Amino acid sequence: MGFTDLLDEVGGFGRYQWLHVTLISLPGLFMASQNLLNNFVSGIPTHHCTLPANHSLFNLSHQQLLKAFIPLDSSGTKLDRCRRYVEPQWQLLAANSSANMSLLQTEDCVDGWTFDHSEFRATTVTETEVLDQRLCLCLSYLCICHVCSKIQPVRIGLFLSLRYGRRSVLIWSYLQLAVLGCSAALSPSYTAYCIFRFLGGMAVSGVILNGVSLKVEWIPTKARTIVGTLTSFFFTFGQMILAGLACWLRDWRKLQVVVCAPYFLFFAYSWWFSESARWLVLKRRSEDALKSLKRVARINGKPEVADKLTLEVLHSHMRKEMESSHSTFTAYDLFKTRGMRRISICLMAVWFSTSFAYYGLAMDLQKFGVNIYLMQIIFGAVDFPAKLLALGMLSYLGRRVSQAACLFLSALIIFANIFVPTDMQTVRTTLACLGKGLTSASFTTAYLFSGELYPTVIRQTGMGFVSTMARIGSMAAPAVLILDEVLPALPSVVYGGAAVLAGCFACFLPETLNIPLPDTIEDVEEKW
């Protein structure tokens, strides 16, 4: 008998589990905002060079002034965003002007930029005029704030959660994200904003990793699939909430506060959570584990079971796990034995490629030529059918087939988009949405699958390790987008190729459908 049997005795998936899972999942409504906030906070409005100070002396309409002072870009259809004529070109106002545009002298935007505020009232770009093209925005913001803020904190968070428990680190992460997120809205400069986002990224990792572990360790085996998939819909709803809030506020400071302030509420009620009894036992805190189990039994309407629970009963269910808890585990143990090594290497590829493709699509909404707020809602809505499909596949086909299928199908759609002409924007956008939905389903599967593959004694370390690979993937994704200036199809080839490779790796992972969670590395080696 193991801990899973003990969990069934105290009520299985009862009243406590319903409350527990719901309360831990609620922050997911605003977690999407933390990951995708850059689409709106650092959105680039339509803009052009500011006209010379004396332009008001000319009795001309605004459109005529733009034609005389601002050249067209390389496409010949839009105003150039970064150049203006050194001298006004009045001859261009003539109906049949035959001036050679390539011979006209231009200069940089020496007086700054003029922004169209119909889409965004204020962003970090309009306030700081950081407009050194996508290379600057992608690398300075995404790589520094979004990625570097999570790779090192994952290691810190792992140390804290292994030492102080899932519950304690989760509570602290809520408070940290609330305080630092709201502070970011008060940033006097773009550098200060990046620093606050960097520190806030630590809390984001803490919320995700500890929330997943605390949920899965209180859920019976048979309920894990449906609970894991349904709770991922909180993130899906969050994407649509983000679009609505961004469209309503249209000011990056207000949006920053609104998506971070709710974490004060999550911090307030998180004290109700019970620490993982599995973790408590493995940390030789059996009395605390017994109190948690009795509390869960009473909330689940099993007072008679609570009265019968003793330390002897608890130890008899977890004798094997307690014997292994004398050892200290590090990231090296993820590769030390054959079974763990196979799992870790395959999950590295799965997490990297899933995040790589997901953020490559989700972090560049402006390229689709559709209203950015509508595009965000569409990208969120497409997750509903994708995750319902994933739920059916996870329940009947298993984790391994589901993971591989999501990756292979997303690659197929990404490759298909290469052959769609650029003027068929509706078709291209539709395929991109389908691809994003499948990568989202792959994320849902990966979170559930990874939590079931790694044993309790090293689950946090394993989840943190593969999460780090996902952050590296999200770092590489926006950088790859720049390759479209070399060859428009190149980013899609890279994204699709990575998904195919990861799908092949997923085929080598062991199946975990309806299998109890492993508690020790020995369990993993015996089962797989």
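Any Cβ shown, glycine's included, is placed from N, Cα and C.
Counting only same-chain residues 6+ beyond the ends of the transmembrane segment (169-189), those with a CB under 8 A from a CB of the stretch are 24, 27, 34, 128, 157, 160-161, 196-197, 199-200, 202-207, 210-211, 214, 252-254, 256-257, 259-264, 266-267, 270-271, 273. Feature annotation from TrEMBL assigns transmembrane segment to 169-189 (among others).
The transmembrane segment annotation in TrEMBL covers 195-214 (among others).
What TrEMBL lists as transmembrane segment is 226-249 (among others).
Summarising the annotation, TrEMBL assigns transmembrane segment to 255-274 (among others).
Summarising the annotation, TrEMBL assigns transmembrane segment to 343-361 (among others). Distant neighbours of the transmembrane segment (343-361): 334-335, 379, 403, 407, 410, 414, 432, 435-436, 439-440, 442-443, 446, 449-450, 453-454, 462, 465-467, 469-474, 476-478, 480-481, 491, 495-496, 498-499, 501-502, 505-506, 508-510, 524, 528; these residues of the same chain sit at least 6 beyond its ends, with a Cβ under 8 Å from one of its Cβ atoms.
Taking Cβ pairs closer than 8 Å, the transmembrane segment (373-394) reaches residues 32, 36, 39, 225-226, 228-230, 232-233, 235-240, 242-244, 246-247, 361-362, 365, 401-402, 405-406, 429, 433-434, 436-438, 440-441, 444-445, 448, 513 in its own chain, all 6 or more past its ends. Among the features that TrEMBL reports, transmembrane segment is placed at 373-394 (among others).
Tertiary proximity for the transmembrane segment (401-420) is limited to same-chain residues at least six positions away from its ends with a CB under 8 Å from its CB atoms, namely 350, 353-354, 357, 390, 393-394, 427-428, 431-432, 434-435, 438-439, 441-442, 445-446, 449, 489, 492-493, 495-497, 499-500, 502-504, 506-507, 509. The transmembrane segment annotation in TrEMBL covers 401-420 (among others).
Per TrEMBL, transmembrane segment is recorded for 489-509 (among others).
Using a Cβ-Cβ cut-off under 8 Å and counting only residues 6 or more beyond its ends in the same chain, the transmembrane segment (255-274) has close neighbours at 16, 20, 23-24, 26-27, 29-30, 33-34, 37, 40-41, 167, 170-171, 174-175, 177-178, 180-182, 184-185, 200, 214, 218, 242, 245-246, 249, 292, 295-296.
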